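**Student:** Got a structure for you, questions after.
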């Protein structure tokens, strides 16, 4: 069975990320972002959202664990920041029901949602420039980089919240991430 660790960056929806995966039958644990990297033993990691880029604990070190990573909201921003992208304030802050245009129908995480999906967004900051090796895989009228992927490293990010009921195809995002984790697990054996 696929094992996923959800890393708690103290976001308002983190418990919903854990619950969504648990309800899908996944062996999932919620781990504080101060957990030492050597204690992480999972087939994949979800970096949760959170309120503060200055309170990301050991998240940068988790990016080196050679397992697939899905960053959600702040989780995506910290991936971009740590790996050479650029994060800044968004022009539109707050909560919103947003139509997101999926740019790559072959993307392992979001391709199945092509050409667009409705999502729930809740953020003030956003990725302004993706890191080297990443592709922008989704955009919207309110955020230029709604998602990004580095398929070679199996590191993905979405600016919105797939764990929230208002996101129409959120469970599919998690299902696609689980598929990536399963494929990577087989490849490592």
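Note: Cβ is positioned from N, Cα and C throughout, glycine not excepted.
The model shown is predicted, which means the values in this text are computed figures rather than measured ones.
Under the heading active site, nucleophile, Swiss-Prot lists 73. What Swiss-Prot lists as active site is 161, 163, and the listing cites sequence analysis. The annotation domain 'Glutamine amidotransferase type-1' is assigned in Swiss-Prot to 3-187 on the grounds of sequence analysis.
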**Student:** Sorted by position, what residues of the same chain at least six away from residue 163 (active site) have a C-beta under 8 A from it?
**Tutor:** 13, 16, 17, 19, 20, 72, 170, 174
**Student:** For residue 163 (active site), which DSSP three-state class applies?
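**Tutor:** Coil, per DSSP.
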**Student:** Expressed to the nearest Å, what is the distance separating residue 73 (active site, nucleophile) and residue 161 (active site) at their Cα atoms?
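**Tutor:** Taking the Cα atoms only, residue 73 (active site, nucleophile) lies 7 Å from residue 161 (active site).
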